[in-house]
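Take a look at the structure below.
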Amino acid sequence: LGSVNAYFTSAKFLLYLGHALSTWGDRMWHFAVSVFLVELYGNSLLLTAVYGLVVAGSVLLLGALIGDWVDKNSRLKVAQTSLVVQNLSVILCGVILMIIFLFKTQLLTLYQGWLLTLCYILVITIANIANLASTATAITIQRDWIVVVAGEDRSKLADMNATIRRIDQLTNILAPMAVGQIMTFGSPMIGCGFISGWNLMSMCVEYLLLWKVYQKTPTLAHKSAKVEASELKQLNVKKESDMKPAEGVQLIIEKDVSGFEPQQKEVSCAARIAEPFITFRDGWVAYYNQPVFLAGMGLAFLYMTVLGFDCITTGYAYTQGLSGSVLSLLMGASAVTGIMGTVAFTWLRRKCGLIRTGLISGVAQFACLILCAISVFMPGSPMDLTVSPFADISARLFENEPLPTIASPEPEMIFATGMPNLLNGSIIPANSDPEMSPKPVPLISVSLLFAGVIAARVGLWSFDLTVTQLLQENVVESERGIINGVQNSMNYLLDLLHFIMVILAPNPEAFGLLVLISVSFVAMGHIMYFRFAQKSLGKQLFVCHTPDLKAAPDSSPPGNTSTV
């Protein structure tokens, strides 16, 4: 009983609990805000598309700056500030959306509708701020706090990373289902109120949990930061005689933020203006110079894919005759295989080491995605490259026909029985009229496609955890924020490119080509990781061994050239 009580009051469990609350709120909000924007703008996907573009562009441009801010401030301040900003932004968005739902008719008549447009802009802007704050929270908690709480035990770090991912997998499925039911049996306005209330409650609890974790882990109070060259000379005058020869060539020197106060210098206005651009440049240069650069790039390339359970793939599935209920079961199966991937990661790491785990995971993922490539050429595949992707759009423009929008006026269709189909701009509910449903097609192709996508989740999540831990172990403490910020930017850049790819070829006949391109990018990502592993392990690349889990130096990647 004492050990159980000790676990439930430990910093590790409190960190899990805080992450579960935070992730649950995030998933509810990300699901709901897209649906709200669709409902508000006359059942059009325009606002949702603008929101997605703004979010991706903001993280792409500001990822390094957010990471730099995380590095330069104390851990507790960063975590609490990002937590409060994120939740208050969501609460404010919820209140504004409730006002819009209540008074939309009146707002349309004021100032020729410009006031309503201003409200839309305000919602997207504040929602984007919430997403940026969420990015800062993820960097500081998942890339920094978790490393400090795990201490020198890298096996414990691997287990904590895997548990965090399991929480992500469960909330990805359960949170949208919960808020969807509330909006289905209530109304969008009730959904807004529920999410705002949840975030207010969650913010208070998470704030308390962060403080408890901080108190239980004294090492969180000590944070290293880079020292300027002029400060370095003053700081190390008395220590030069004691410095070892190997230490004299270190490129990155660290100090305790609380121990040394640099002299304040006057900074010109031009320097202040240029500082964000310099930080942006320095962040990307530092990322390129990391020993795990190729591994990080390999992970980023996996984002350039349509082979996931996003709106693109589900929209394609509807055109192939799959119902909403079948898709929900497939999404549940993908969550199960994702959790299996986290279990496989911890087992493989113990048996073969961290770097080899990434290799095995990459091979497993790519082997499963071969099924997706084969599905393109199987009966039932609509691939036909002779059909122009813009034939339908150009025909409508020249014939003065309206472009397709979401067909159903009832929001319940979105929440209960259907999902937005971005390939043809319509919603196809599960219980729609047979005449309106897609024509029956052989299911061999789409079955192989989803079999490959679901099976590949095991390798995908195991590989993701591998690269995450490589970044945690190999990036020095003073650069964890900025390096992981740039990594997020790279992920968003490739994710943005995959949406652009769909925009250029939006018709179902071209989806097979998108599948082949996606498999190619996954292959390129794993080739990059293979090159990283080859540099790190050399001739020992394919020799599995059982690392000594108690001795951290023995289990560290041979490619780790950074020291703290």
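Every residue number used here counts from 1 along the chain in the order it is shown.
From the backbone N, Cα and C atoms, a Cβ is placed for every residue, glycine too.
TrEMBL has this to say about the protein:
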type	residues	note
TRANSMEM	45-70	transmembrane segment
TRANSMEM	82-102	transmembrane segment
TRANSMEM	114-133	transmembrane segment
TRANSMEM	292-318	transmembrane segment
TRANSMEM	324-347	transmembrane segment
TRANSMEM	359-378	transmembrane segment
TRANSMEM	441-460	transmembrane segment
TRANSMEM	481-504	transmembrane segment
TRANSMEM	510-530	transmembrane segment
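Between the transmembrane segment (324-347) and the transmembrane segment (441-460) there are 3 or more Cβ pairs closer than 8 Å, counting only residues 6 or more apart in sequence, so the two stretches are in contact.
Pairs of Cβ atoms less than 8 Å apart link the transmembrane segment (292-318) most often to 481-504, out of 45-70, 114-133, 441-460, 481-504. Within the same chain, the transmembrane segment (45-70) packs against the transmembrane segment (481-504): three or more Cβ pairs sit under 8 Å, each pair at least 6 residues apart. Counting Cβ pairs under 8 Å to the transmembrane segment (441-460), the stretch among 82-102, 359-378, 481-504, 510-530 with the most such contacts is 359-378. Same-chain residues lying 6+ beyond the ends of the transmembrane segment (82-102) with a Cβ under 8 Å from its Cβ atoms: 22, 25, 29, 33, 36, 40, 116, 119, 122-123, 126-127, 129-130, 133-134, 136-137, 140, 187-189, 192-193, 195-196, 199-200, 202-203, 206-207, 210. Distant neighbours of the transmembrane segment (359-378): 298, 307, 341, 344-345, 348, 352, 444-449, 451-453, 455-456, 458-460, 462-463, 466, 512-513, 515-516, 518-519, 522-523, 525-526, 529-530, 533, 541; these residues of the same chain sit at least 6 beyond its ends, with a Cβ under 8 Å from one of its Cβ atoms. For the transmembrane segment (481-504), same-chain residues at least 6 beyond its ends with a Cβ under 8 Å from one of its own Cβ atoms are 52-53, 56-57, 59-61, 63-71, 135, 138-140, 143-144, 279, 282-284, 286-287, 290, 296-297, 299-306, 312, 389, 422-423, 471, 475, 514, 517-518, 521.
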